[in-house]
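What follows is a short report on a single structure.
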Amino acid sequence: MAAPVVAPPGVVVSRANKRSGAGPGGSGGGGARGAEEEPPPPLQAVLVADSFDRRFFPISKDQPRVLLPLANVALIDYTLEFLTATGVQETFVFCCWKAAQIKEHLLKSKWCRPTSLNVVRIITSELYRSLGDVLRDVDAKALVRSDFLLVYGDVISNINITRALEEHRLRRKLEKNVSVMTMIFKESSPSHPTRCHEDNVVVAVDSTTNRVLHFQKTQGLRRFAFPLSLFQGSSDGVEVRYDLLDCHISICSPQVAQLFTDNFDYQTRDDFVRGLLVNEEILGNQIHMHVTAKEYGARVSNLHMYSAVCADVIRRWVYPLTPEANFTDSTTQSCTHSRHNIYRGPEVSLGHGSILEENVLLGSGTVIGSNCFITNSVIGPGCHIGDNVVLDQTYLWQGVRVAAGAQIHQSLLCDNAEVKERVTLKPRSVLTSQVVVGPNITLPEGSVISLHPPDAEEDEDDGEFSDDSGADQEKDKVKMKGYNPAEVGAAGKGYLWKAAGMNMEEEEELQQNLWGLKINMEEESESESEQSMDSEEPDSRGGSPQMDDIKVFQNEVLGTLQRGKEENISCDNLVLEINSLKYAYNISLKEVMQVLSHVVLEFPLQQMDSPLDSSRYCALLLPLLKAWSPVFRNYIKRAADHLEALAAIEDFFLEHEALGISMAKVLMAFYQLEILAEETILSWFSQRDTTDKGQQLRKNQQLQRFIQWLKEAEEESSEDD
């Protein structure tokens, strides 16, 4: 295909745009008009088929999260169907944990057929440890050529993002690529079942432009701290919203991948959003949001969300992604739909007297015994249910066997699990693959049974995302350690991971992992709430470090530039190091520019003796400015940035009056290197609210001649226009 050939030039252009805002049409007016008339490039997507956490352990020890069946369809198939329906023509699927299983599934699916409208490209690596690693690899491989969608492989959605994409592209066109991301949200009341507690956010947004001004995870907080500057700007109005569900769908510009490369401390999307909002002035980048009211979007981040989203699919809230649609074109997943949302696959057998009350999906080849009662449940293909069984809000995967007299409430049974006679599973129980429990036993609420011993987790830190991590050791432990009949029954096979009767710390871990956070607001103490609120304040805008931190930062920048000069380090790497120092010491952009300007302007003084000589100073400084000009251009973007840099330059020459006559040459160098613009230099020079020393500095003859030359050049340019 031609796409890989086009990719490198596209990336080069996007990097240039980050600085200048110039389009690919070049400087000619005809080229620009031609570029405007061209259709938008094919839409691409980056699908991250890994969560980089253990939220679904021990379930995901047997299969990756994106292959977990929801309403008998793998999660990743929902995500790919959403991307294809919304117009994506090329999707890069990044896999780490159990990548071989994901690759095998995709290669057998319709997504890898020659007729697929969405070309799926699978990229695997055991080195990915976060979303940040994935996006840095996207940038290194130059995979994206224009705006792209960023999603996880467990997103379920029917949102048509066409309007959001058009708004995103229009903003970037009008504001010269300032907006780098548009986040998709869905209106949803705080009590809605699909609201995931750990994903709850408070968002402050410009009501006119939908620009995100503040983004904060609530995490059970009762109070929130907002920077006062949010409400003091020139915006027409600011909305503070708590009625939004984060769909985990983002429209990204190519700059997003580049920003992850430039800021290696960004590991998650939240890191990225927080970094850009707290330090928005770094590159002048902005984040916007798009809110949908009627469409559906959610991420299956824990079993609470799994249950809620599965129920929504069965109740047809995600239309057209319904069970009978069979959008995967699989012969084993076809089914019929009847009243009360009863879905039956082929070759299903239902015994005499059994009742399917409502919202029930029966997979192909499933056999139901007599006098059973089933409601709000999903039963996978090839399952066998005995007589007199009660299933309420239960999810059975492929090949599960439930013997007579069993009662299962709000629980999950994975592939080939088996429940013996007269077993009761209390709510929020989980049996992972091939576990056997019973007979004649009641599992307490919150029980999690797995064939993997829980103590095998303690020694897995070094290889937590490796497919073979600890596999041999687990097998040895299984051989040495028998099953406890008190936990799993006389004929049971499995180990108890968590149970409601265990200590509070383990219960909290269960809630945070499999079923998600459960916040009891009344029990939260006032001091804890205030402490949590205060902990957010360092991320607020306007916070400045202590003076000694600035001094340390200045010394670190000086050391970085010295090494850069001695070792010939590229400017891109110098920017990376300065950015990491900026975050380490919580330095604002204004302070970065002040320190950078001060350090560079003082750099030649290390090689000079007193008294200072202007000619010698310029001879030493100008080559440094030329070499490090990309570093300056990385931070000096907007008019306000130019004025801050000019103020720092003025402060230096006020401090070193003996070098005052050099200022004109220095400003000329900044101008010729396209670091400072002529209009901002003229604006700075004409400032009237300066000190007496500042006014005296402006009377320097060389400086006045330079300013006069700039004015004449500006007038000539205006006449030519």
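Backbone N, Cα and C atoms are what each Cβ position is placed from, and that goes for glycine too.
Under the heading compositional bias 'Low complexity', Swiss-Prot lists 1-13.
Annotation source Swiss-Prot lists compositional bias 'Gly residues' at 22-33.
The compositional bias 'Acidic residues' annotation in Swiss-Prot covers 456-471 (among others).
What Swiss-Prot records for 523-537 (among others) is compositional bias 'Acidic residues'.
Look at Swiss-Prot and you will find LYS61 (among others) tagged as ubiquitin cross-link, backed by similarity to another entry. Within 10 Å of the Cβ of LYS61 (ubiquitin cross-link) there are 23 other Cβ atoms, across all protein chains.
When other Cβ atoms within 10 Å of the Cβ of LYS103 (ubiquitin cross-link) are tallied across all protein chains shown, the result is 17. What Swiss-Prot records for LYS103 (among others) is ubiquitin cross-link, and it gives similarity to another entry as the kind of evidence.
Swiss-Prot lists LYS141 (among others) with the feature ubiquitin cross-link, giving similarity to another entry as the kind of evidence. Residue density at LYS141 (ubiquitin cross-link): 13 other Cβ atoms are found within 10 A of its Cβ, drawing on all protein chains shown.
What Swiss-Prot lists as ubiquitin cross-link is LYS217 (among others). Every protein chain considered, the tally of other Cβ atoms within 10 Å of the Cβ of LYS217 (ubiquitin cross-link) stands at 15. According to DSSP, LYS217 (ubiquitin cross-link) sits within a strand segment.
Residues or ranges marked as domain 'W2' in Swiss-Prot (evidence: sequence analysis): 543-720. Taken together, the residues in the domain 'W2' (543-720) have a mean pLDDT of 79 on the 0 to 100 scale.
Here Swiss-Prot flags ALA2 as N-acetylalanine, drawing on a large-scale study or a structure entry.
Sequence annotations record features per position, and here Swiss-Prot assigns omega-N-methylarginine to ARG19.
The phosphoserine feature in Swiss-Prot is assigned to SER27 (among others); the stated evidence is similarity to another entry.
There are 18 other CB atoms within 10 A of the CB of SER130 (phosphoserine), with all protein chains counted. DSSP classifies SER130 (phosphoserine) as coil under the three-state reduction. The phosphoserine annotation in Swiss-Prot covers SER130 (among others), and the record cites similarity to another entry as its basis.
If you look up Swiss-Prot, you'll see THR322 marked as phosphothreonine, on the strength of similarity to another entry. Using a 10 Å radius centred on the Cβ of THR322 (phosphothreonine) and all shown protein chains, the other Cβ atoms total 19. In the three-state DSSP reading, THR322 (phosphothreonine) counts as coil.
Feature annotation from Swiss-Prot assigns phosphoserine to SER450 (among others). DSSP gives SER450 (phosphoserine) a strand state. Around SER450 (phosphoserine), a 10 Å sphere centred on its CB holds 24 further CB atoms from the protein chains shown.
The annotation phosphoserine is assigned in Swiss-Prot to SER466 (among others).
The Cα atom of THR322 (phosphothreonine) lies nearest to that of LYS61, taking the recorded sites LYS61, LYS141, LYS217 as the candidates.
With LYS103 (ubiquitin cross-link) as the anchor, the candidate recorded positions are LYS61, SER130, LYS141, LYS217, SER450, and the one with the nearest CA is LYS61.
The closest partner of SER450 (phosphoserine) among the recorded positions, by CA position, is LYS61; the full candidate set was LYS61, SER130, LYS141, LYS217.
The two recorded residues LYS61 (ubiquitin cross-link) and SER130 (phosphoserine) have their Cα atoms spaced 18 Å from each other.
When the Cα atoms are compared, LYS217 (ubiquitin cross-link) and LYS141 (ubiquitin cross-link) turn out to be 32 Å apart.
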